[in-house]
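To keep things clear, I will list the structure first and then write my remarks on it.
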Amino acid sequence: MIGLICPHDGGFAIKLTEKIEDVIGALFLPLYFALSGLNTNIGLLDSGTVWGYVFGVIFIALIAKVTGGMVASRLNGLLWRESLTIGVLMSCKGLVELIVLNIGLQAKILSPRTFTIFVVMALVTTFVTTPVVSYLYPPSYQIKVERWRRGEIDWEGNVLDSEHDPHSGADSISRQKSQGASVRKLMIYLRLDSLPSLFTFVSLLGAGDRPDPVASRTHHAHTNNNNDGEDGEEAEGRRPESARRANIRPIEVHAVRLVELTDRDSSVMKVSEVQDSNYSFSDPILNAFRTFGQLYKVAVSGGVVIAPEHAYAETLVNKARDCASDLVLVPWSETGGMSERQIPLLDDKSEKFSTGPHSSFIFNILKNSRSNVGIFINKGFGGAGLARPKPGEISRTFSGHNTYRTNDLAMSPSPDRGHHIFMPYFGGPDDHFALRLVLQLANNSSITATIAYMNVINNAPTPPQQQQQEKDADETFYRSIRDSVPPELRPRVVFQTVDCASSSASCNALLATTRETAAQDLAQSTSSSNGNLVVVGRNSLAMNTPAPAAAAATGSPSVAPRPSSSSAASASASPEFGHEAKKAIGVLGEAMAGKAYGIDASVLIVQASH
């Protein structure tokens, strides 16, 4: 009755629920279940006839609920197996059943024995729901049905479209084309703690150059009087060049905001009473992003998705597939957690790369995404470069005649708005895409780039044929890109070759050479440290080739002396990074992002589509 008479205007019901749901869940519900348990007397089930009634009631309850839910689901177009799963879910009993049973017991409608029989039925149908649903509707079946409905496979699992067949020759050709094309559709995960770096990156990738200055305008009354005798073509010719080019943008950006859906009643009420469209148009971060798109003349769109935290990765992967995104840009959390709330009392970024839900979330995106993925680790990219106070520093304030006086100073715009990018190129699909992405960013006249070809020298007398072919292919790709750079980019893009000796024992030396090259190049850059960016491939070829020691142990032929991913990971081990974070960002990402390594630049870790 209270729920019926409680007004829902102005969010009153939601606020009231937030006040009382903790007391109900922590105190009243356990007491109610304890009362129901005290009213249940299993000792009354003392004969075979009574147990026959128990099994009969359980059977009838399951058949009735499962059949009704299954038939209704099938009539609504679901598959038989999906319909059966929904029927099993509907058979699960809950709190309402216990409430009805207790009311019947108190009203003397149900005897204690009948009450006990129904309570046992409710418990059994509740306990069997999870294992039965897990068996009927496993994740493998869900993926199969999803691909079947998209037309990728037939019901037997055979690939219908060669574009999705990893073993077809057409797939390799289409994949090369997709990786060779520039990024035209970008999807970003908007986080409150990463807005400055995300906005800066999108402006560099999408605008080409800085926005054109706003043309001088004329009052519409004068415009109408002066243009009475002009035709459409003459009026179009009088428009400024910036206005004629306003509708021609090379990139589309779709932003996704994720709002957590918890199991609290108030959270469910917020979702049910507010439509998703209202969230998307009232979210202040999305509105700021739309304004940013208008200022920088970038085609942007955005939406809010309300989902449980464990489904964040799946949500972004599905959104990227629906939008046909060329690149999914995911920022790394500033605090190492999924929450966007800033906790200034914690040590500055002490747990940024610790093992936790956020690193697992990043790893799941990289594992399941079919699009190119970029993980952005921010170190002040595009920010104001404010000096933060040291942890534990005591601040003192002296009272004066004006209690509202503040020492905050207005910050003038930075005279240097340039950016410098460094990329170590080892080879492999990830580095191929990263190289093209760097050149696309270099189309912006405020960006300079250094691309270092890390030439891993093979000390083996007879390297394996397969690896030699891969190395030759990577080198050919690098040279073709280097030789085809447009003339307007050559003053801003420098290609250099760094020779690196590699062996199973020199993994530290290889990573140290890469870090030293990056540090020297970034130190010589005229851009400020807030404008520096290091772009690396997540799975560089040189970092994933088996070491000779491993090959000798297995008796296989000698392979090129490049460190394996496991040996490289152990060589670059740092207590700053947890196990999940290391898996997510890779060996090179760890070597560039670690605070102990002294690389004063933000890091973009790229994984090509697979």
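Sequential numbering from 1, following the chain as shown.
Glycine is no exception: its Cβ is also placed from the backbone N, Cα and C atoms.
Because TrEMBL annotations are produced automatically, they should be read as predictions rather than curated entries.
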Can you say which of 170-198, 315-343, 547-575 is given as region 'Disordered' in TrEMBL?
547-575
As a quick check of your reading of DSSP, tell me how many residues in the domain 'Cation/H+ exchanger transmembrane' (2-133) are helical, how many are strand and how many are coil.
110 helix, 0 strand, 22 coil
Which sequence positions outside the transmembrane segment (84-103), separated from its termini by at least 6 residues, show Cβ-Cβ distances below 8 Å to it?
29, 32-33, 35-36, 39, 61-62, 65-70, 73, 78, 110, 115, 118-119, 121-122, 125-126, 129, 132-133, 136-137
